[in-house]
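Student: My questions all concern the structure below.
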Amino acid sequence: MSRSSPSLRLPVLLLLLLLLLLPPPPPVLPADPGAPAPVNPCCYFPCQHQGVCVRVALDRYQCDCTRTGYSGPNCTVPDLWTWLRSSLRPSPTFVHYLLTHVRWFWEFVNATFIRDTLMRLVLTVRSNLIPSPPTYNLDYDYISWEAFSNVSYYTRVLPSVPKDCPTPMGTKGKKQLPDAQVLAHRFLLRRTFIPDPQGTNLMFAFFAQHFTHQFFKTSGKMGPGFTKALGHGVDLGHIYGDSLERQYHLRLFKDGKLKYQVLDGEVYPPSVEEAPVLMHYPRGVPPRSQMAVGQEVFGLLPGLMLYATLWLREHNRVCDLLKAEHPTWDDEQLFQTTRLILIGETIKIVIEEYVQQLSGYFLQLKFDPEMLFSVQFQYRNRIAMEFNHLYHWHPLMPDSFQVGSQEYSYEQFLFNTSMLVDYGVEALVDAFSRQSAGRIGGGRNIDHHVLHVAVEVIKESREMRLQPFNEYRKRFGLKPYASFQELTGETEMAAELEELYGDIDALEFYPGLLLEKCQPNSIFGESMIEIGAPFSLKGLLGNPICSPEYWKPSTFGGEVGSNLIKTATLKKLVCLNTKTCPYVSFRVPRSSGDDGPAAERRSTEL
C-alpha cells in the first residue's frame, strides 16, 4: 500500500493545530434551581378536533391530525369537505328544537320510510363519536396493547390531565380545586323538590338503576378505574351474575330456568339459603329474608328487587315457551337461548321507551338492527369511565316514596326486605309509575340522603384526572362555554362558581353536566344529551345479537323467540308476568282518566 504524500499531510496538521488553539467549550451546568421548569405543552390542550397531543423534548409538542379532517400545528385548518360539512351542519340546539316541536310533521315522518333513514343517520353519527377499538384508560394516556386488551379497565375517551401541569385542570383555574363537600352542598343539594317537566316517574328511575348496574360495577378492591362487569355492555349480568359460579348458584338446572321461591302464591327470587350467593344486606337480616339475584346490591331498594323479580319471571316464562316449541332441547340450550331473547327484549325496551322518554323527541325511535347492516359498524363495546360518571342521576330520587296511602322515608325504604312481598309486584309498579321523578339538570336537586354519592363521583374524577368539562364539549362537537353565566343561564350560581373555580375552562366534568341549564321543558341540558347518547347507542347497537351473524330467527329459537324481541314492551314485561295489569309507564299519567283500576284488567297476550 502506498504511503500518503507529504502534500496531503500538511493540511491535516494545520487543522489539528487550529483545533488545539480554539477555546474550550463552555461546561454543561445544572439548571438554575430558581428557574421555572418548562410547562408540559399538552397541559394547554392545544390540539383541536380530536387531534392527539404528543410531547416532544421538554417544551415542544406535535399534534397528530391524522384522519381528523383538519391540519395545521393545532389541527385547526379544515379541508374542503370538512369545512363544507361543518358549515351545513345544524347546531344541536336547533336539532333538539326541531325534534321536540311540530308534532304533525313528525307524525307524518313516523308513518313513512323517512323514519328508518333518520334513525340510521342518528345511530351512525352518534356511534361514530365513540372510539372503537378503545383507546385510553386510567394508566395509559397513549395507545397501547394493554389499554386495548385488558377488559378489567374502564376505557376513557380523553386521556387524563398530565400529572405535571400547573393546575389540576391543566393551566386554567386555581391551584386547588374546591372542596367536594362544599361544592355538593352549595350547588347540588336539593332545597325544594323539582319534578322532571317531561313527566318522568320512579318506574323510570328504578329501571335506570337496575339496567345500568349490569355494566357499571366499579371494583372496590382495584380502584375507580377498574370494573367487575367484564361484559362491558348489555349482557344481563345483573340477572344472571357476573361470573359462572354465581350463575350456577342461581340456576335451577331444569328446563333452562332460574331458581325461585313462591310466597303468598307469587314467584319471587330465591332466598340466599336456596341460592348461596353474596348479597349486600345489613347485618342482622337472616339469609332466608335475603333474596338472591345476579347483582349483589339490589337488596338496597325495593324498586331494584321489583325489576329483578319481573325479569326472573320473564326468563322462566320464555323458557316454557321455548320448551313447548323445542321439546328436544336440553337445559343448557334453553337457558342460553332465553338469555339472548331477554337481551333483545331489554334493548328493545331501552331504545323505544326508555330513551324515547329521555329524549322528549316526536321522532319515534326504533330498534331494528338491520338498519345498520348496509353501513360500517363494529359490534363490540367497552364501557368508559366518563359514561359511568355521567350516569349518576341521583336527582331522579324523590324526598320520600309514596306507595298507596303510605309515605315511606329513606330510612323506611332502604333495605326494606318485606315491602315487595307485602304489597306485591302490581301495587309497586302502579305506585312507582304514578310518582314523579326529579329533574336531573340545572343543579340543586339531589336529596341529602344520596348527596354523598355525588361527592364520591367528584372525588373519583379528580383521582382519575378527568379533563375539564369544556374539553369534553369540544370532543363531542359542541361549542365550549365562554362563561359560567352561559353555562347556568343565571347570575347568582354563576358568580359563586366563578369564585370557586376561577375560570370556566377549569370546571370539572360531572359538576358541569349537572349544573348546565336544562333545555326547554327537558330533564337535563345539552351536554348530557350530546355526550350521553353516543355512549348509550354504541353500547346498545354494538351488542353481538345486533350483528348480521346473530340477528336471525334461528339464534332465538325460531320465529317464536324472534317475535318476543320484536314485540317487547315495558307493559308486556309487567302484565305477562302478573295476575292483574297495573298502570305501567315511564311517565306519570297525563290525566286521571288515561288508566283504570289495576284489579279490573287481567293479563293477556298484549
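A Cβ is built for glycine as well, from the same backbone N, Cα and C atoms used for every other residue.
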Student: Could you tell me which of CYS42, CYS43 is bonded to CYS53 by a disulfide, according to Swiss-Prot?
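Tutor: Of the candidates CYS42, CYS43, the one Swiss-Prot pairs with CYS53 is CYS42.
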Student: Pick from CYS165, CYS319, CYS518, CYS546: which one does Swiss-Prot say forms the disulfide with CYS43?
Tutor: CYS165
Student: Between ASN74 (N-linked glycosylation site) and CYS581 (disulfide bond), what C-alpha distance do you get in Å?
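Tutor: Here the two Cα atoms lie 60 Å apart.
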Student: Out of these disulfide-bonded residues, CYS42, CYS43, CYS47, CYS53, CYS165, which one has the fewest other C-beta atoms within 10 Å of its own C-beta?
Tutor: CYS165
Student: Using C-alpha atoms, which one of the recorded positions CYS47, CYS53, CYS63, ASN110 comes nearest to CYS575 (disulfide bond)?
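Tutor: When the Cα distances are compared, ASN110 comes out closest.
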Student: Rounded to an integer, what is the Cα-Cα distance in Å between CYS581 (disulfide bond) and CYS47 (disulfide bond)?
Tutor: 56
Student: Near CYS165 (disulfide bond) in space, meaning Cα within 10 angstroms, which of the disulfide-bonded residues do we find among CYS53, CYS63, CYS65?
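Tutor: Matched disulfide-bonded residues: none.
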Student: Near CYS65 (disulfide bond), which residues of its own chain have a C-beta under 8 A away, given they sit six or more steps off in sequence?
Tutor: CYS47, HIS49, GLY51, SER71, GLY72, CYS75
Student: Counting every protein chain present, what is the number of Cβ atoms, excluding its own, within 10 Å of the Cβ of CYS75 (disulfide bond)?
Tutor: 22
Student: Compare the Cα of CYS42 (disulfide bond) against each of the glycosylation sites ASN110, ASN150, ASN416 and report the nearest.
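Tutor: Considering only the listed glycosylation sites, the nearest one is ASN150.
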